[in-house]
Amino acid sequence: MSSENPISNSSLIQRPRRLRTNPALRSMVQETQLTVDDLIYPMFVMEGENQKVEISSMPGCYRYTLDLLLAEIKQVKELGINAIALFPLIPEAKKDDIGKESYNPDGLVQTTVKAIKQAVPEILVITDVALDPFSIHGHDGIVNDKGVILNDPTVEVLVKMAISQAEAGTDIVAPSDMMDGRVGAIRQALDAAGYFHVAILAYSAKYASSYYGPFRDALDSAPKFGDKKTYQMDAANAREALKEVALDIAEGADIVMVKPALAYMDIIYQIKSTTNLPVAAYNVSGEYAMIKAAAQQGWIDEKKVILETLTSMKRAGADLILTYFAKEVALMLH
Ligand code: PBG
């Protein structure tokens, strides 16, 4: 006999617990499903051969030389992951004040994209469009002698970078720089050069966030002076995110992104309800590092926390999630 007597509570008609009785019922009424198809795996490439260096603030993530990167990408594809986002570590000697290396047809990104397209043609390649890994000062744009980040001259370089990535065979270009008007300029230039099929994943609502710290370690790209607050958004603003998204859509974005994800779930939710475009969320390096650190201490159940966190991002409205956990999640979902 159950210790709970239903008679004593007969006035209770709605009992939400009925649908939580067993796993079969729970999975029937589950509203959000996290699948491998939703995941994009950010990966770091560096010059050289036969090397793989773990990023100390991102345990389990590595910078790879091209040969080892290709082997890794084959495994990533075998796990069912459809897309990678590529970030380069540029040697100091190749950096300058306007990021010329970013549009070198034989540069690290361009060579890497070509090689990936040869070796693993089915994987989608997303390339980053921003100056920070290429510039001596670590900012996403060109800086004048007063330390001001110049918008329109930067957009000219970003356009060259996007075109050179398209020439190399990238599937999607992803401007992460937050300059005004760059999506429109890149779309026009891609079309004029015949790259109608190359899509734009716009970092539309990208916040000036302290959650990017470990990524900047990975690429050695932390700004040498000041911060990124004159181009990335203020964490306190939500309506401004909707304005940025509307502009990027008008300029031709195919997918809009919110970054970071975890502290910005309300932004993901609001953007999802105002656009029909796919919405991406970037589960950034600091979010990854926090979970890894707590798990290493034995303070949380890592696998469960990862799944709960990424499922919540989907529930908030993300269709796609860039995450350093992609491989681990793919293994868990298999
Ligand atoms: C730079 C860029 C950053 C990230 C992706 N592209 C760092 C920044 O804006 O300073 C961060 C990604 C992460 O933290 O995982 N254009």
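For all residues, glycine too, the Cβ spot is worked out from N, Cα and C.
Annotated active site, schiff-base intermediate with substrate per TrEMBL: Lys206 (among others), in sequence order. For the recorded site, Lys206 (active site, schiff-base intermediate with substrate), the DSSP three-state label reads strand. Annotation for Lys206 (active site, schiff-base intermediate with substrate): spatial neighbours Ser176, Met178, Gln232, Met233, Met257, Val258, Lys259, criterion Cβ-Cβ under 8 Å with sequence separation of six or more.
If you look up TrEMBL, you'll see Lys259 (among others) marked as active site, schiff-base intermediate with substrate. All protein chains shown were included, and the count of other CB atoms within 10 Å of the CB of Lys259 (active site, schiff-base intermediate with substrate) stands at 24.
Taken from TrEMBL, the feature Mg(2+) binding site applies to Glu244. Neighbour count (other Cβ atoms within 10 Å of the Cβ, all protein chains): 23 for Glu244 (Mg(2+) binding site).
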Three-class DSSP assignment, Lys259 (active site, schiff-base intermediate with substrate), comes back as strand
